[in-house]
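> Below, the features straight out of Swiss-Prot:
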- 1-159: domain 'Obg' (DOMAIN)
- 160-327: domain 'OBG-type G' (DOMAIN)
- 166-173, 191-195, 212-215, 279-282, 308-310: GTP binding site (BINDING)
- S173, T193: Mg(2+) binding site (BINDING)
Amino acid sequence: MHFIDEVKIYIKGGNGGNGCISFHREKFVDRGGPDGGDGGFGGSVIFRSNHHINTLVNYRYQQHFIAENGGNGKGSNRSGKSGKSLILDVPIGTQIFSEDGNILLHDFTEDEKSFEIIKGGCGGLGNSHFKTSVNQAPRKRTEGEIAQEMWIHLRLKLLSDVGLVGLPNAGKSTFLSVVTAAKPKIADYPFTTLVPNLGVVYINDEEFVIADIPGLIAGAHQGHGLGDKFLKHIERCNVLIHLIDGSSHNVIADYDTVRFELESYSDYLKNKIEIICINKCDVLTDEEIQKKIKKLQRVTNKVVHPISTYTNLGVNKIVKLALEIIKNQI
């Protein structure tokens, strides 16, 4: 399935049905009074969060959604049938924005929550409403209300507790596959991960969700590479696990590149708690590991953890640390 995280769609509520002009007809009743019924209400447009959906792909090819119109009123004071509301399911984490993209209309952060974005039009009045002492046979009725219409943007921000960040080929997908049951594509070349991958980590009856974001490169916040498109998916997370390729000749430059992109993208990412890990320590000597750790700690003033997703060195420690941070922030 394609991963689609942003779409623009047109939505419109159902128009109200028209009121009816009708007069009572009955044998031996010469002049029956007005009995025109009211028009039915138009259907509303309602968005609903659904945990079974994880992409907006259903809105990529169909972009126009219109609720059902209300039925017209009928004689014998019969009201028109109300139009059926249109319910549009979206993934948890979906945000609804105005057409210009500047106004947030709703943010779905929980499952099975509904948001009525457009109310259906009211039905028109039948002629029975317009009978007066001087007008016993009114030929007047009102038309149904025209419902609101609009273009909106749907933007999906995945809900995860932990975000995996790092340059391409830092070992993020392997880390995800080791600590969860997720099966991301893994290979020894950059940009193996083309879309975000989610996995659930289970530890002693506790769990959290971790997201593997496609690798960042210099200029990602300006649209270079793949990272810019997906950085939004880790804005909601509690903690970042920053993986650095231990076999790199310049771990400082690698770290700084990713940090600059995070800080340039938003203050949300800039201020996230960060767990720094030097990965692929299985290909380094103990002396090389310590040398690189000291370099990074001197620059970052943070603890740096040596790990290997190949041998599982230090991986469980990182997972437990992430869980502890998450629990402290709840």
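Every residue, even glycine, has its Cβ placed from backbone N, Cα and C.
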> Work out the three-state DSSP category of K172 (GTP binding site).
helix
> Mind giving me a neighbour count for G166 (GTP binding site)? Other Cβ atoms within 10 Å of its Cβ, every protein chain shown.
25
> Least buried of the binding-site residues K172, P214, going by other Cβ atoms within 10 Å?
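Candidates: the binding-site residues K172, P214. Fewest Cβ atoms within 10 Å: P214.
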> Could you state the CA-to-CA distance between K280 (GTP binding site) and S173 (Mg(2+) binding site) to the nearest Å?
13
> If H, G and I count as helix, E and B as strand, and all else as coil, what does DSSP give for K280 (GTP binding site)?
coil
> Let's check the environment of N169 (GTP binding site): how many other CB atoms sit within 10 Å of its CB?
21
